[in-house]
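One structure is given here, and the rest of the page talks about it.
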Amino acid sequence: MLEVGIHMHDSTGDLFYRDTWVEVDLDAIEANVRQLKKLLPSNVQVMAVVKANGYGHGAVQVAEAAMEAGADMLGVALLDEALALRKAGIVAPILVLGYVRPENADLAAENNIAVTVFQREWLEKAAAATKSQQKITCHIKIDTGMGRLGIRTAEEGKALVNLLKKYPFFEVQGIFTHFATADELNTSYQENQQKLFAAAVAEIERLLEKEIPVKHCSNSAAALRFSDQYYNLIRFGISMYGLSPSREIKPLLPFPLQEAFSLHSKITRVKQMPEGAGISYGATYKTSEEEWIGTIPIGYADGWIRANSGGEVLVKGKKATIVGRICMDQLMITLPEKVDVGTVVTLIGKQGSVRISMDDVAARLNTINYEIPCTITARVPRVYRKNGKVIDCENNVFPS
Ligand SMILES: *Cc1c(COP(=O)(O)O)cnc(C)c1O
């Protein structure tokens with residue numbers, strides 16, 4: 001028996017009406033978190049990073065699965081993302097890893113959301129804006145080589161600590177940094193960042209005259225490679241979704257990751273074209289002989305960008321090539337033989353023993369795997385599977 005995607009009409013036929021969907025395997029997310037937890041000493045906590053709608057998988061569903069599998073807190077990039085999780089009823093601790101407007105520090109605090117701080121000006125503005133002087137939980141960000149956000153010098157650190165002491169309603173819960181090269185084979189830059197972070201932690205704690213409870217620097221790549229850098233929290237992003245942080249370190253991963261995201265569609269038209277027939281805009285593809293051409297209802301407005309033209313998809317467990325330009329909502333493939341309308345097409349994922357992985361698609365597009373699920377747009381419904389069963393669906397075009 002061929003295993004061709006899900007039989008969506010059995011249980012989700014009234015949740016969306018187009019025949020293109022993403023399937024998110026929550027069991028895979030849970031398995032990846034559980035495997036990581038086995039690797040970590042019991043005093044090291046796990047932050048599940050669910051920014052950018054859970055790397056395109058769905059933040060709420062992924063957050064729930066990760067917490068169930070033993071994650072301790074959640075990380076997002078934006079205050080809006082954190083608030084959306086709260087609105088969905090998620091009570092787990094959340095840290096906004098990116099910039100929050102100082103005038104919104106109160107709003108974060110009211111919703112029990114921790115914020116990232118790294119500038120004295122920010123603290124002054126947040127202190128001036130706070131109405132209630134309620135406890136504002138924060139993590140101090142140190143820039144040890146990413147060049148993005150964070151304290152870079154001892155003077156900046158000192159100025160920040162002075163203000164933290166002046167305004168005791170800022171509660172320093174954590175201190176962290178972010179690695180720029182943890183996914184590369186050469187570890188020298190990363191080792192230097194590590195040393196700078198250790199020195200910064202010591203200095204800030206000395207100035208604060210107390211220990212900071214939570215210290216963290218490892219993303220997926222560092223967590224899976226460097227056991228001496230856990231501190232007491234690691235930030236698990238890409239590999240929670242079953243993807244390797246880079247191609248180079250794939251052979252070094254301590255356990256097999258399970259890819260959670262797959263993308264499917266169904267053929268809407270099958271036609272035998274004569275030799276020399278033009279396909280799609282510009283008629284850039286001409287059939288070289290009689291060819292079976294299938295039309296698939298996915299296009300660049302779904303994030304299946306035009307650069308995928310010439311790439312492969314799976315039909316009945318075999319590879320078929322995308323021909324001609326990809327349209328906004330549709331594309332064409334050339335088929336080895338006639339198949340029925342309604343046949344499942346897998347663009348990312350497995351049919352039988354054949355797989356097109358996220359890494360295959362990333363390689364085709366000359367980019368990193370992170371970018372692929374993030375760019376599959378909200379127009380494509382996300383179907384959630386757990387224990388083999390469809391348990392939920394997110395349809396942003398026509399919400400039920
Ligand atoms: C996105 C992000 C992570 C997660 O990184 P992965 O490589 O996906 O594990 C960790 N920390 C910060 C600050 C981030 O922005």
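Easy rule for this one: first residue shown is 1, then count along the chain.
Yeah, the Cβs are placed from backbone N, Cα and C, and that goes for glycine too.
Quick look at what TrEMBL annotates:
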ACT_SITE  LYS51  active site, proton acceptor
ACT_SITE  TYR281  active site, proton acceptor
BINDING   ARG148, MET328  substrate binding site
DOMAIN    260-385  domain 'Alanine racemase C-terminal'
MOD_RES   LYS51  N6-(pyridoxal phosphate)lysine
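Shown here: features listed in TrEMBL, placed on the structure.
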residue	record	DSSP (3 states)
LYS51	active site, proton acceptor	helix
ARG148	substrate binding site	coil
TYR281	active site, proton acceptor	helix
MET328	substrate binding site	coil
Sequence-distant neighbours of MET328 (substrate binding site) in its chain (C-beta under 8 A, six or more apart): GLY299, TYR300, ALA301
Residues near LYS51 (active site, proton acceptor) in space but at least six apart in sequence (CB under 8 A): ALA59, GLY75, VAL76, ALA77, LEU78, GLU81, LEU97, GLY98, GLY237
Distant-in-sequence Cβ neighbours of TYR281 (active site, proton acceptor), under 8 Å, six or more positions away: GLY324, ARG325, CYS327
